[in-house]
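Student: Before anything else, here's the structure in question.
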């Protein structure tokens, strides 16, 4: 009968060694699955409680006055722990702190089995949205009314523990057995608990919903039936019955609003489908464009029996369509349809590679063991194998690269693994689907490969279409770095225990007699050394170039555009020689692998032999890809490509990234995409400049005459919801006066934040200026007054920074490129938007420089043809961050007075809805904001 004592501490800080003390302790005892006892006590810390701890916990100095010292309760605490598992959420903190306090008093160290509910939840609930105590409480529907108080947190942790143990008891025998093998590498001492469950299941037959595949329990795949297409009402009455009050949508939606823009969008798309023409539709914020294009797409698929594809730029929008919009329409519309989500191979787990890693005799570190455990449990739940379903630890991403479908290379349809491939299952579902949701990345890869990745289609809707050009350029180009080469060499390994090549030779001992393994070890070593030397040489070459030739990108990397015919001849000859040496040893390695493959193919034809030959083929292809990449990037001189180098200025001396992109993609998109499809619908909130689609049409390779163009205005009342403030007393934004401009910006941000109580997003065009502004603000702003959160400085992804921003009452969020769009912070969480500079691309940015040069050579004005339209579209995207609903209200503060003073300023003002514009002194603008808000 297991006994668990769940402990939670509230303390004055994180480090008992630095004098931090316990101020409250809560303990909950669980015996045989039932909470049998609880204990709580304030503890006098003999020091003041820091204000931020009081704000977090609500515990004041007055609460602990008269409370016992820890040495007065230590005996009671220790006796309660006797014979129990020590359980805590983040057990290292609570156990470490309590152990330190007990040793200070008694000299005795705590010794007992421990369970960390964070770790256990990660393993047993791999699809939970998060693992903070509050997130898990919400996930399990456990009431958590008094967070950051010891007994309340201990009680909730105890409830979560019971639910986790219940989940463990429901796992298949095979899954539990594998978890037992990994237990020694984990923090939690759960071997006895798992062994007990395993013993109970040893002779039972259960889990008919599972497939058992080579000793791994996998949830059976759902059958995917095609939907029969019956005749529908004609489109006009269908549209009316869908959108009208009391119609299909209204019956299934609370607070339904019949939006004129949605009707117009649906009609325009249907007309384009019927006339087999392309269309470009700008649907401004608030239109509800997702439903506006899904409804005609589904109707078209039902009417014609031909699938329609929808492509988005972000996986977030992909998920929203699949998890929210399509299920809603499935219930609302008068017909059934089938849909499929299709992503790139890197998103899907390869059971073949995972099985290999699971059973390989490797010395896993903690993160790998945790990731394996999470995937084992996830396999009993998932029907897709899509990594976006689970919350892998950060270092688990490295392990994922080893076990993704992309890592397995060619998959033989006759192979045992093919039937169980999540990626192949996703493609199979797409083949039968009426509507496929994919992303620009896979779409562009499909275009390059002349189809084959996405099931055949004639009609497609491209959402977030303003990203199509950059996505195509990225996928039509190349990227290569030293880490990629090093990772591949390490993955293949040598004749060391646990290495891939060692495993090949162990499976076929005869190979060691036929081939000299020392040659393989030599090739791997020389590839490492030669590649390291090459990338270090390129690093030093770029660093030595004059500063004027190097620019910092928005994540703080140095960028240098190189043109072979303009580089130092002697230096570039050296780079070419070094490149040839890397390629030479890679070709030797390919030949060695070819000999291995030949021998195995002749030796036997088993499933095991097929697995090894597939692996060998995959490694040969990856080596060949790197050889070809080095050739294109460093040796060939192609005038239609722009090539550049990025490096981490303060990183490793081989931290070099090589890039190439086509200077223009319009002709390729026209030939390989638009000309081959009946109807391509391009939509976004930002496609026009001064109500004209000409710029975007030209960039994408579409004809102005043959493309339907339609603009749907926002339903929001911007003249009532927004005030645009522009100071007339700011220093110039020119580089020489940057310091004065930054100080003026900081003063304005502080003054405006005081009015809006934080709730501010500040958008920068330069990471360098963001950093400088952040640190100036940090120096003179009271940190307890405002929370400053900055991209690239504060840790976390864009989503994590956004959540942190929303979690604080008074916060200011600094962001660069990725924050100009796709960040939704609705309602009162965002009241003010500061645009520091008009978002012109730096003139020395490699891609912009090459495009600009090409435009000039054709006799046109690069500023008007490229720089200004790009900046205007970017400005519209940034402006769109503020108002996300009809009830939102706020201030847009543009620090750059060129929007009023420069001749081109009107292009920016004309690109946004009509609204009040105030051009005045900073002092008067702050007063205007205060009066208006």
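Including glycine, each Cβ sits where the backbone N, Cα and C put it.
So TrEMBL lists the following for this protein:
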type    : residues                               : note
DOMAIN  : 248-531                                : domain 'Helicase ATP-binding'
DOMAIN  : 270-527                                : domain 'Helicase ATP-binding'
BINDING : 283, 284, 285, 286, 287, 288, 289, 290 : ATP binding site
MOTIF   : 463-466                                : motif 'DEAH box'
Student: Relative to the Cβ of residue 285 (ATP binding site), which residues of the same chain, six or more apart in sequence, are found under 8 Å away?
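Tutor: Same-chain residues close to residue 285 (ATP binding site) (Cβ under 8 Å, separated by 6 or more) are 685, 714, 716, 880, 883, 884.
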Student: Which value does the mean pLDDT take for the motif 'DEAH box' (463-466) in this predicted structure?
Tutor: 96
Student: Applying a 10 Å Cβ distance cut-off over all chains shown, what neighbour count does residue 286 (ATP binding site) have?
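Tutor: Here the count is 20.
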Student: Taking the Cβ of residue 289 (ATP binding site) as the centre, how many other Cβ atoms fall within a 10 Å radius?
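Tutor: The answer is 24.
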Student: Through the lens of DSSP with three states only, how would you label residue 287 (ATP binding site)?
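Tutor: DSSP assigns residue 287 (ATP binding site) to coil.
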Student: If the ATP site is taken as the center of the Cβ atoms of 283, 284, 285, 286, 287, 288, 289, 290, which further residues of that chain fall within 8 Å of it by their Cβ?
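Tutor: So the extra residues in range turn out to be 261, 262, 292, 685, 712, 714.
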